[in-house]
Amino acid sequence: MPDRRSPARRLRPVLLLAPLVVLPLLLDSFSLYQATMILIYVTAIIGLDIVFGRAGVLSVAQAVFIGIGAYTAAWMSRTTTVSIGVELIAAAVIAGLAAILVGLPALRVSGLRLAILTFAFVELFQWVVTTFASITGGTQGLLVNPGGFGTVTTADPLVGYGLAAVIALLATWLVIRLQRNPIGRSMAAVKNSNLLAESAGVSTVRTKLTAFMLSGMLGGLAGVVLAHVSGSVTPAGFTVFSSLNLLVALILGGTGRVHGAWLGAAYVVLMPELFARLGIPNAYPIVNGAVLMLLLVVMPGGIAGVLDGIRDRVRRSGAAPPPPLTPVPERSSS
Amino acid sequence: MATDQAGRPPAVLEVRDVRVTVNGVRALGGVSFDVPEGSLFGLIGPNGAGKTTIMNVISAVITPQQGSVRFRGEELTGTGTVARVRAGILRSFQQVRLLEGMSVLDNLLLGRERFRVVGLLRQIGGSRTGRRQARRDLAVVEEVAAVLGLSDLLHRDVQDLPFGVRRLVDVGRAFAAEPDLLLLDEPAAGLDVTSRRLLLEAIKRAQSTTGATVMLVEHDVDMVRRACGESVVLSNGEVLARGTPAEVLADPAVLRAYFGRSDA
Ligand SMILES: Nc1ncnc2c1ncn2[C@@H]1O[C@H](COP(=O)(O)OP(=O)(O)O)[C@@H](O)[C@H]1O
Ligand SMILES: [Mg+2]
């Protein structure tokens, strides 16, 4: 199809990408670390959004996939000399397969019961990591050797940032592709109702497993970068609370919207810091909970939903009102 | 094959002795009828007659306790909803179901899902087969939109459209699937008289351009008389009469069951 987008719309990606390139040059090292964390969160949250926001399956297993990616990277960085590219591929494959496994119960149960089943996988992951301590380091965790390509390694924070940015952009590209694509439509149908999906010929089984697999792969990729940027992995980083934190970020930012994940990621990384600077770090969880409850009631579309609403209102002010059913004129055959 | 009177087109669907009991209540008590190929087939009957139930059986949303359904001579019993959709049996529901927050175009394109062959990776990355299929999908959807009068609304969000147009989109999604057999469950329910007429005209037009066999549940007797060829009247989970609308509506048993207790 020809590209019918206006020049302004074609410029938009450039305008959005420019800050990503310029930012690291301006930031001090702590802010660079935070920017990197935001980008890692973006990838992980987009993964969660595919399963929850797009396919409508409530899962608290996202932290497991990040954990699988992180442990894969940690273990490979210590026992092999492969490039970080190999770690990323391995993590995406393993986490993707694990996600299909986690998704299997989704074929029989749904809603809260399914969420509880995905919770069981988080517990299973915790049990495996603490039990097989000779490989995973148990509760102590593992130190992660810097990874990279040849001499370019994550020992340099800029490399970690660049990697996180590239993967976050890849995830964003993926979810944009999904949106206007038969797979995205199938997911929307499954989210709406199994009845609608199946009566359109959409296999709910395949669609849900696809959503889980993609979310797992993105989680795994995020985990690899997280491991290298933070320099160590411990099971405490991948609990059900980590998953819930991602879920809060997604709902706050706005589910089913590309920029929702970005806004949510920025929120969960920057807010605790803000409270720490104000000298009231303990207030964060309380305020966070209150804000979430408030948002769910007042703005269920999240921050992105509010922004979209304003944009739509501006656009619609010039648009024609919706028509009722009208007769169709006879068409002359051409 | 069922033996038919000479001159009648072959039956695309054969329903035989279907019995359904829901929660101990008999919904269908041995229903049999044939749907001739290429027709606009009327399914009439008062509320609770079992019309939705028989559609649920044909589309495998529920499994009957007994009986069989044959499509183009092949036994369907044992196959699932998606398999039947892929074989060309489409349906709409009494309640409008749309992809909310998405455009009319997206909703119509959902109907094309049954033809999807391209796998995940190539779907995301893009492929020649995928692009060819996308072009064909778009062409079919635009044609259906033109026939139904939705061409100017393709990029509107379905959430912003009035109820009648949403109904039309719901029906349009099914026609976009190029169905061989389409089951429409009270598509005109809840519409005012003018909209009902327009919607049924649109359905009739789409049926004759596509040549699909359409089974239509409709309450308005005048509409049925005008739109449908052969019809079946259900009451209390049993077939009361079958024939042309004029024949069945003159049947004394139908007059008693239908007009004796329903809306009139
Ligand atoms: N889910 C259900 N629970 C209980 N009874 C049902 C259910 N579905 C259908 N029935 C019964 O089956 C009969 C047929 O219903 P239905 O097929 O919906 O009728 P129609 O579509 O002709 O109005 C009704 O008597 C109804 O009470
Ligand atoms: Mg009904």
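Easy rule for this one: first residue shown is 1, then count along the chain.
Cβ from N, Cα, C; glycine included.
The transmembrane segment annotation in TrEMBL covers A:12-27, A:33-52, A:57-76, A:88-107, A:114-138, A:158-176, A:209-229, A:235-253, A:260-280, A:286-307. Annotated region 'Disordered' per TrEMBL: A:315-334, in sequence order.
Segment contact is absent for the transmembrane segment (A:158-176) and the transmembrane segment (A:57-76), given fewer than three CB pairs below 8 angstroms at sequence separation of 6 or more. Most Cβ pairs under 8 Å with the transmembrane segment (A:286-307) belong to A:235-253, among the candidate stretches A:12-27, A:33-52, A:114-138, A:209-229, A:235-253. The transmembrane segment (A:88-107) and the transmembrane segment (A:209-229) are in contact, since at least 3 Cβ pairs between them lie under 8 Å (pairs 6 or more apart in sequence).
Ranked by the number of CB pairs under 8 Å to the transmembrane segment (A:114-138), the listed stretches A:12-27, A:33-52, A:57-76, A:235-253, A:260-280 are led by A:57-76.
The stretches the transmembrane segment (A:260-280) and the transmembrane segment (A:33-52) meet in space: the count of Cβ pairs below 8 angstroms, excluding pairs fewer than 6 apart in sequence, reaches at least three. At the 8 Å Cβ cutoff, the transmembrane segment (A:235-253) and the transmembrane segment (A:33-52) share at least 3 close pairs (sequence separation 6 or more) and count as touching.
Cβ atoms under 8 Å from those of the transmembrane segment (A:57-76) belong to residues 44, 47-48, 51, 82, 84, 86-87, 90-92, 94-95, 98-99, 102-103, 106, 110-112, 114-115, 118-119, 121-122, 125, 129, 135-136, 142-144, 147, 208, 211-212, 215-224, 226-228, 232-233, 235, 237-240, 242-244, 246-247 of the same chain, restricted to positions at least 6 beyond its ends.
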